[in-house]
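Peer 1: Take this structure, written in structure tokens, and hold onto it; I'll ask about it next.
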């Protein structure tokens with residue numbers, strides 16, 4: 001509260017008016033800086049620590065920042081405060097505070113005295129606490145056992161920043177898996193600040209429904225459950241598939257050799273067929289060249305060239 005200060009206090013006397021006019025001086029105490037905490041969508045009162053308002057007093061409220069905006073000026077509330085705030089002497093009662101209201105405010109009071117205009121100011125910082133929103137959860141649908149798998153959870157709305165907890169099949173997972181008697185796999189690590197759940201060596205026992213909870217001092221929210229299925233790498237199936245492919249290739253090779261020995265076809269036949277396929281493009285090229293020469297000699301010769309083909 002502003003008061004008569006000892007000589008060591010931070011007192012500012014600022015003569016301001018033109019010669020012959022009343023003096024103007026200011027008084028402020030930095031130790032009176034207030035920090036007010038409110039929960040979003042609830043009510044808060046920004047208190048200006050001055051004596052009761054008198055008819056001669058002039059009051060202004062400003063919100064500070066990169067630019068200064070008026071909250072109360074000329075005996076009237078300004079901006080969106082006009083519809084959701086009311087004055088209580090020097091103080092402001094905000095009925096429905098939002099996260100956008102957070103910031104630093106200053107009330108300024110000018111009161112006439114025998115010595116001149118007395119200017120006093122009081123600074124208030126408003127912190128708005130916000131409950132987390134529904135966090136974004138990243139859970140893979142299917143993974144292979146023995147691999148490293150990371151689940152992620154994140155919220156961007158909560159203030160203060162929330163902590164994160166993971167649940168499997170409705171059961172909370174502890175930060176230290178060795179302390180959790182209900183968890184058979186102790187290879188995971190959970191970071192409650194970043195929201196990650198990492199399995200260093202995932203196993204089939206880790207299959208299940210997972211969801212994450214974001215919580216701070218205001219409230220908590222959870223994401224929807226997502227199933228993660230852990231499958232073993234089917235080594236025997238892969239080997240069987242390779243063996244089948246090798247057998248098919250071997251049988252095809254034996255069939256070709258058998259047909260050749262029985263005389264169904266010979267190497268000479270294959271070479272003759274290849275030669276015939278090669279001659280067809282050559283004949284087509286010869287016809288194109290003749291047509292080109294005929295086109296260069298005029299219509300009559302071109303007709304003769306076509307007839308000769």
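In case you wondered, yes, glycine gets a Cβ from its N, Cα and C as well.
Sharing the features that TrEMBL gives for it:
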DOMAIN    22-125  domain 'Ig-like'
DOMAIN    132-236  domain 'Ig-like'
REGION    1-29  region 'Disordered'
TRANSMEM  235-259  transmembrane segment
Peer 1: What does the DSSP secondary structure composition of the domain 'Ig-like' (22-125) look like, as residue counts for helix, strand and coil?
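Peer 2: Split by secondary structure, the domain 'Ig-like' (22-125) comes out as 10 helix, 54 strand, 40 coil.
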Peer 1: I'd like the per-state residue tally for the domain 'Ig-like' (132-236) from DSSP, helix first, then strand, then coil.
Peer 2: 8 helix, 46 strand, 51 coil
